[in-house]
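Heads up, the thing below is written out as structure tokens.
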Amino acid sequence: MVLLKLLNLLAPIYFVCLLSITFSIQVFLLLPGMCKESLFTFSFSSLLHNSLFMIFVVNVLGNYILVIWKSPHGREFYAEAELPGKTFCHLCARVMGEQEHHCFFTGTCIGQSNLRSFVLFCLHCSCSCFHAMVIGVGYISESITLSFCDPTTFLRLLPISVTRFFSGSLLNSDMLVVLMIYVWFGVGLACAAFCCHQLLLISRGCSIPRFHPSDMSVTSWKNNLQNVFGKRWLMAIFVPNAKKQMN
């Protein structure tokens, strides 16, 4: 339990640090490097990448805040044995009637009230990581004149960069971008896998525990998705907003 509480404290710090480093690298290094050759190249590609970057940042931060703000409310400080059949979160020390799981990166429980924001948070985290990785690969390929046409180049990038870094031919900023490319790739894959896993559970109707026999009716996957994401799900993908609770 001590390790879980420590993880619950360090995981949000890790997320904030990763977001800050990604934001700094994108704003001060990668995106300005796209229009370095000529002022006229700031037409379409730079505008597109800057727009995507701002959309991802707004949605990641917005949904992250919504996940914490709309966390499930429960009766605090009850012993698990006193309420049989109810889900008890030891980290939050409260009973949740509609909790699905505890998210360490947000430090709160995920339930029906914030499940939509949590799935969208994973989606935009994955997209932002892959977007940063693509720009980082383009930046490094120009910086160290390395072609990524060969798929094995991605595997050889780290040892080549480490060798050049210790030999003094690779800048500190370039080495940081190389390391972050692998971090973005790993985090992006993890977020994408978790997002797909949650969508699969939602479509099957397994995302929210049901404690009453009357709630065990079989519904279609469209209804299950609509119950979580609501009718205005398309707007929520581009603009983070809280789902209105149905009475």
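Numbering starts at 1 and runs along the chain as displayed.
Cβ atoms are placed via backbone N, Cα and C, with glycine included.
Features reported for this protein in TrEMBL:
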DOMAIN    87-205  domain 'Palmitoyltransferase DHHC'
TRANSMEM  7-31  transmembrane segment
TRANSMEM  51-69  transmembrane segment
TRANSMEM  118-140  transmembrane segment
TRANSMEM  175-202  transmembrane segment
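Helix first, then strand, then coil: DSSP counts for the domain 'Palmitoyltransferase DHHC' (87-205) stand at 76 helix, 15 strand, 28 coil. Predicted-model confidence for the domain 'Palmitoyltransferase DHHC' (87-205) is 88, expressed as mean pLDDT.
Residues 15, 19, 23, 26, 31, 103, 106-108, 110, 114, 117-118, 120-121, 124-125, 127-128, 131, 237-242 of the same chain sit 6 or more residues outside the transmembrane segment (51-69) yet have a Cβ under 8 Å from a Cβ within it.
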